[in-house]
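According to Swiss-Prot, the protein carries these features:
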- 120, 124, 130: Zn(2+) binding site (BINDING)
């Protein structure tokens, strides 16, 4: 399983090793075939804003976007599954500048926020969505389970990319995230989001 990270954001504080680790864990947890590949692109706000408008017709920057390619479904890595051969899952695009402000409002650090967004993006690559309320609840519950299990797995391996956050925004429900989205929108001043203070980049 190959996961490539392309950091074109010029943003400090992005732990690429952690992103690869959580992505590999999520794909294994979803039983994705080990021959599958994906990329993680890390970009600045103007770039993701352009993608947001061009692909979703939504103004303003965002935290994560997913661009699926080959269709792989959960369970494709099981011994009894048909062997699909090498496949390119697609690309996840992350914006750390936006994500850091979002993390500040949620009460945790950039590292955890990017890990959460990586899992979220992978679930989108695998066909999960949150348009309908029930789908949204199911997707966010799965996202939180994967993320929590990843922290447990890190502890068992003796690896740490920062402490596991315990605040209410660390493993959000769909309703929690919707409230955060609204808070981010309200914080927009003159087209730019207000910068947080005293940020934890772990």
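Any Cβ shown, glycine's included, is placed from N, Cα and C.
A map of Swiss-Prot features onto the structure.
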residue : record              : Cβ contacts under 8 Å, 6 or more apart
120     : Zn(2+) binding site : 64, 143
124     : Zn(2+) binding site : 66, 68
130     : Zn(2+) binding site : 136, 139, 140, 174
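DSSP assigns residue 124 (Zn(2+) binding site) to a helical segment in the three-state reduction. Note: the Zn(2+) site is recorded as 120, 124, 130; in the same chain, 64, 66, 121, 123, 128, 129, 139, 143 also have Cβ atoms within 8 Å of that site's Cβ centroid.
In this structure, residue 130 (Zn(2+) binding site) belongs to neither helix nor strand by DSSP; it is coil.
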